[in-house]
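Asks: Just dropping this structure here.
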Amino acid sequence: MFAMKRREFIAASAAVAASSLLPQTPAWARGRKVRLAMIGTGMRGLVLLKELVRRDDVEVVALCDIEPIMLGRAMDMVAKAGKPAPKTYGQDRDTHAWKRLLEQKGIDGVIIATPWEYHAPMAIAAMQAGVAVGCEVVAGITLQDHWDVLKTQLSTGTPYMLLENVCYRRDVMAALQMVRQGLFGELVHLQAGYQHDLRGVKFNSGDPNQPYDSGVEFGPKGWSEARWRTEHSVERNGELYPSHGIGPCAMYTGINRGNRFTHINAFATKARGLHEYTVAKSGGTTHPSTKVKFKLGDIVTTTLACENGETILLQHDTSLPRPYSMGFRVQGTKGLWMDVNHSIHIEGRSPPHQWEEFKKYQDEYEHPLWKQNADTAASAGHGGMDWFVIHAFVEALKAKAPMPIDIYDAVTWSAITPLSEQSIANSFQTLEFPDFTAGAWKQRKPIFAFDGKY
């Protein structure tokens, strides 16, 4: 059924399992510097670059972007941090410049922060070159992309980490502590999603100094994400951005480590929000953007069934007016947490049939990573999450240890997108979820955020 044969995975998985015996933070690694490159210095890339240049154990040796303005901003950031100037690629707008970057000698790892469609080919090429990959979320576009990325990682042994920052969100990590200590009892049902009004991100004026909420252009006339992300709303209908929600839920339920997804289906509403936005923002129906037919349903609801009996519901909601929320709900036999109302209820501890404020529980169950690093992470992007995810990648790379969000996590979470598209296109069909681990999920043990190091 799939391009990579089961026996190939079994053989390769054995090697990966052996690598899990490596020590997490050997003493020799503590003072080691890593030489990192970055492909993609757009708005997201600059946020991650900020975290790299503030570290004494990282040397940024190469940067690549085909937009000279953004490459220039990246170079300015490195200079202001007092770090040596890295070699640059792409200022001539050569779309293959990233390949030359990967030929540069002495690169330990690369951060990939480009448009989604480039993630898989860039990660594959980097791993084939022996360069460790820290990939921004979305591991691939098609299901075959995910098998190809996985096959390359297993055959080369080159480290790969999906840079899913929400796994490190403060309340999310406190909830992880609660799950592991049995506060919710046995988990039964979880919910999450990417619920974020992106209308002002998918469209802008095309002005590099006004990337958000500034117009209705997209594609070649847009800037930043409006230049590429909006096209996915035109051409695709599915759960386009699953990992922010599914990442924490997968950690809670032990996906790929004692548990797995078995089935998936998805439903999509009609598409109205982006059209109405362009009409209202442009003041009529004459602008070309108002005539575009968007394929992406305004709300996409995806349901996953797990081997151990849990269900997980995801919602993708980016085309309608709304406040930001991930919509987390973690529910078990003893109670539940819901992040929308910042509330929790634990049977035998909470007043009957009443919510309690989550904050006091969060303080009680604060994860050791946040206890140790809250002050350091305070100035980082996304409430500190970006510091933690970069810290994890760098520390694991220095220690030659398994990545805390590994290749199996990456392809499993990201494959929800093409599978949801397939389900919707086939009258909301329920599909079997592929086992990317080839059965290794039965023996693999959880490693994420256990030792207080990363």
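Positions of Cβ are set from backbone N, Cα and C atoms, glycine also.
Below are the features I grabbed from Swiss-Prot:
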- 43-44, Asp65, 116-119, 136-137, Asn165, 224-228, Tyr241: NAD(+) binding site (BINDING)
- Tyr194, Arg229, Tyr241, Pro242, Ser243, His244, Tyr324: substrate binding site (BINDING)
- 1-29: signal peptide (SIGNAL)
Asks: If you draw a 10 Å sphere around the Cβ of His119 (NAD(+) binding site), how many other Cβ atoms fall inside it, taking every protein chain shown into account?
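Replies: Step by step: centre on the Cβ of His119 (NAD(+) binding site), count other Cβ atoms within 10 Å, giving 27.
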Asks: Distance between Tyr324 (substrate binding site) and Val137 (NAD(+) binding site) at the Cα atoms, whole Å?
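Replies: Here the two Cα atoms lie 18 Å apart.
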Asks: Can you tell me how far the Cα of Ser243 (substrate binding site) sits from the Cα of Val137 (NAD(+) binding site), in Å?
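Replies: Ser243 (substrate binding site) and Val137 (NAD(+) binding site) have their Cα atoms 7 Å apart.
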Asks: Fewest other C-beta atoms within 10 angstroms of its own C-beta: which of the binding-site residues Arg229, His244 fits that?
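Replies: Comparing Cβ neighbours within 10 Å for the binding-site residues Arg229, His244, Arg229 has the fewest.
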Asks: Have a look at the binding-site residues Met43, Asp65, Glu117, His119, Val137 and say which one has the shortest Cα distance to Arg229 (substrate binding site).
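Replies: Nearest candidate: Glu117.
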Asks: Tell me, how many other CB atoms lie within 10 A of the CB of Glu117 (NAD(+) binding site), whichever protein chain they belong to?
Replies: 16
Asks: Do me a favour and check the Cα-Cα span between Ser224 (NAD(+) binding site) and His244 (substrate binding site); whole Å is fine.
Replies: 21
Asks: Closest of the binding-site residues to His119 (NAD(+) binding site), Cα to Cα, picking from Tyr194, Tyr241, His244?
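Replies: Smallest Cα separation from His119 (NAD(+) binding site) among Tyr194, Tyr241, His244: Tyr241.
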